[in-house]
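Asks: Dropping a structure here in structure tokens format, bear with me for questions.
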Amino acid sequence: MEPSKSANLPRNMIENSMFEEEPDVVDLTFPALDPDEITYEPRSSRLLVRGLGENDMDEDEEDCESSARLLGMSFMNRSSSHRPSSSPYTRQSPSRSCSRPTARTMVACVLFLVIVASMTMVLYFLPGCTFTKDGCPKRNKTTPLELVYPLATNGELFPWTQLRLPQSVHPLSYELTLTPDLDNMTFAGIAVINMSVLHNTNRIVLHGLNLNISNATFKIGDGPASNVTVLQYKANQQIAVKFTEYLKVGQYCVLTLTYSANLSSTYDGFYSSSYTDKSGTKHILAATQFEPLSARKAFPCFDEPAFKATFLIKINRKQNYTTLSNMPQKIVALDGLFQDEFERTSVNMSTYLVAFVVANFSPISKNVSGTLVSVYSVPEKKEHTEYALEAASKLLEFYNTFFDIDYPLKKLDLVAIPDFLAGAMENWGLITFRETTLLVGKDSSPLEKQVVASVVAHELAHQWFGNLVTMRWWNDLWLNEGFATYMQYLSLQEVFPELQAENLFLSVRFRVMDKDALISSHPVSTAVVTPEQVEEMFDSVSYEKGASILLMLNAYLPGEQQFRKGIIQYLKQFSGSNTETNNLWDSLTQNVSEMMSSWTSLKGFPLVSVSRKGDEVTLTQEHFLLTPANASHTSSLWEIPVTYVNDSCSVGTFKVPESVKWLKLNYQNTGYYIVDYGDDGWTALINALSTNVSILTFEDRASLIHNMFALSRQGRVSFRRVLSLLNYTYKETETAPVTEALLQLNNIYRLLEKRQEFDLMSCMKTYILDHFGALMDNQTWGEEENLSKQELRSALLSMACSLEKENCTQSANDMFKQYVSNQTRRIPGDLQQVVFSVAAQSRTDWLILYDMYKQSTVDAEKRNMLLGLASTQDTQLLAKILNEGLKGDVIQTQELPLIINTVSRGFAGYLFAWDFVQVNWDRLIEKFLVGSFAIQSIIKSVTSPFSTQAHLDQVKAFFSSLQERGSQMRSVQEALETIRLNQLWMERNLSTLRELLTKIQSQPQKEEPGVSH
């Protein structure tokens, strides 16, 4: 899914899991200690270097940058080999030399057991005592004690206590018949579940949530069906059937459940949606979003990824609707209704991949290598589906070849849903999308096409990574999302090189490192149990960090095809099955597992420090954390594949002649680590860049900027050093370094604004315009075909206009007025957000833009209009747009996280947005699940502008008051840590910043060559 791991167990997870043993099995083996709970003594680490030969380079790379070498840096924690591999509390084998116990010892043991048994019986039969996990210290006349077995809704004991389902019964197939009533927003269903008994058991436990089960029957094999009672335990979202006699291993059985439910009013489960066409007519539809845990809201099921089965789906509908599901369909007429029966799935699927849509959409189709590829949309947007069909067709052919496994289904539908929260969802054979991520006009810009192609590439990759081979449990979500993200960028570079996806991939790697440098981050593979913890796995660590370590691994493996061969083996070996992370490493090569395990089991990433003495280069590593941490967080060691480049093309062992002036590690930023070169090393690199910008690749220049700001935020380097590096940017013209520098400077500018440091803001504005003003003035306002130049222009003009650079705001206002008077004059896609944001600062133009938003049918343009509307500094208009987003009539509620994010950036809106979230929290978590990506985004948006103790206390108090309504979320801990870091940065740098920027402002302006007036 596109959203838009050894873990430290959260407190609520520990509490929930304390008594979640399977009730009829007693296991006295103690659990292994959590690695994050073990305190280590601080110790230094040294990188052990072994040479592994050269990277493969293109033949035309003849400059010194082609001297990049791949060195396997062994960062293994050598003491780990002395630790036991399992729990320190595991049983020890008895010694062969132990003697037979004496008669006296045996008598004593028997007597002890008799006493214990007697005391247990006395305690058990004490009158008025409820036998509970808390014991019975006294009679309980007020609050009833919690039972070991929870109570079902009918008052009976529910036969299961754990959140994870028992493994005794496994589903083989489902037959689902659904009858949605879109007039009354309800649906009825019949679920026939065929199962196999794997272990003797007297219960069947599965999932069901908000389903009104009216009838249930059960039969074994070909025997008669009998009525059974279904127990429901809402706290764990489970239902169960208990039996007086045990089901036996090897038996087959069938459970049939008749039920009804309301269509969901949120964005998960089987939910209702609507859209209004050009004529003003409102159309109702229903769609599904089951990942991760919402199939249980649509039908009773074993709703865990490992319980794969086949599905036969029938949907009864009115004549004016059509239906879609994972497989092709045949239509049968019924009394007053039509029944669409879909073929049984030809593959075993996890429940979260099941999907169906009831709507009236229009398709365009194309046959690709035996698969019918179709793109569906509302009828009036059918003309915007052509690019998506072209992209899906080319990418499907690419993946069929690259994975050496053909897509296994007969059809592949891509459906644009008007009201859809996620960016897209990879349901097998029926991929659902937001309209903004699937539909583009014929004359859309390359930047708009890049968005669509990226999301399509991601979801198609899932048809292999996630659908064909699925992670066993959500702790390894990265096996789905990290791979799909990596393949998204790899495939675009191969199939659509003109979309220049490398800049986008570089940027997202920087952003995930910003998050992963927090002590509140988590490993790629993290233990999760509760629904909220599962929801929180859908974050940039699972997606972008997962993709980043795969990029690093691909660069490390020898030969161009080694990585591809490994993943083909992985897909073929585990086709139709569920896997864990180690299965992937073992498929790639035997040597990879030892190196890569640290990258998935440890949170964060390493800082590599470089020191030179003569011709010796010494590298050391430590855990890079923005927040100072105790030893338990700093003892992590990674095995790092280090690449480097220098100003001399001579490389042998990891020694460099003293004549080599500079050394740059992490060539083209393919590694997931940052580097500190020390004072001498940074000085050498800065001097080299000031002499010749092109001495490093644009990726290397961007990574130097990112690393320097990160080290400054940590306090390792001074802000004076940051500004020293940025001096070279007068000469920078490439997109990635410029956009990274502007983003970092803008973050500081906005923090100063929220602290009301207006004099410093003025100095910072002067500094930015002094360094980038010439490049800003050189940007044109007409159509631009080169995507990288579009990205550069958009970033530069957004910054220029936000700083109220006069020629920028004037050009934007002129373009908006021309557009209003003649809407056939299209604003270039990369300039729309800039133009609409400037226009929205005028109340009159804001109201005009609001009316245009309501009428627009071009989704990319509509989204840019919304960003403009949300950027106003008029508080009344901010209140209007926030409330409209919450209400969901004019502005769909799916856009509310985007609105809140944009409002929070502005000086007029950031406190307003924070207040809005506090007041409307309960309504927000009704729409967006606790822990979901939307809630994570909202929390980050409204708290990241804060940098004072007063705001820290406010945020802490509010989220503490929520309790089970969100207080335990990891994103709350990230928010608190970010505020502390902002506060610390201000305390550490404010006086230095004032001194430096005042000095710079007092200096004469540098001549800006090449400026067009």
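Every residue gets a Cβ built from N, Cα and C, even glycine.
The region 'Disordered' annotation in TrEMBL covers 77-99. Positions annotated as compositional bias 'Low complexity' by TrEMBL: 78-88. TrEMBL lists 89-99 with the feature compositional bias 'Polar residues'. If you look up TrEMBL, you'll see 105-126 marked as transmembrane segment. According to TrEMBL, the feature domain 'Aminopeptidase N-like N-terminal' maps to 170-353. For 387-599, the entry in TrEMBL reads domain 'Peptidase M1 membrane alanine aminopeptidase'. The Zn(2+) binding site feature in TrEMBL is assigned to HIS458, HIS462, GLU481. Annotated active site, proton acceptor per TrEMBL: GLU459, in sequence order. According to TrEMBL, the feature site 'Transition state stabilizer' maps to TYR543. If you look up TrEMBL, you'll see 662-980 marked as domain 'ERAP1-like C-terminal'.
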Asks: Using all protein chains in view, find how many other C-beta atoms are within 10 Å of the C-beta of HIS462 (Zn(2+) binding site).
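Replies: Excluding its own Cβ, HIS462 (Zn(2+) binding site) sees 26 Cβ atoms within 10 Å.
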Asks: When you average the Cβ positions of HIS458, HIS462, GLU481 for the Zn(2+) site, which other residues in that chain have a Cβ within 8 Å of that mean position?
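Replies: So the extra residues in range turn out to be MET1, GLU2, GLU426, GLU459, ALA461, PHE465, GLY466, ASN480, PHE483, ALA484, THR485, MET487, GLN488, TYR543.
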Asks: Compute the average pLDDT of the predicted model within the domain 'ERAP1-like C-terminal' (662-980).
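Replies: Summing pLDDT over the domain 'ERAP1-like C-terminal' (662-980) and dividing by its length gives 95.
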Asks: Using all protein chains in view, find how many other C-beta atoms are within 10 Å of the C-beta of HIS458 (Zn(2+) binding site).
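Replies: HIS458 (Zn(2+) binding site): 29 neighbouring Cβ atoms within 10 Å.
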Asks: What's the CA-CA gap between GLU481 (Zn(2+) binding site) and the residue listed as 'active site, proton acceptor' in angstrom, rounded?
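Replies: Cα-Cα distance, GLU481 (Zn(2+) binding site) to the residue listed as 'active site, proton acceptor': 10 Å.
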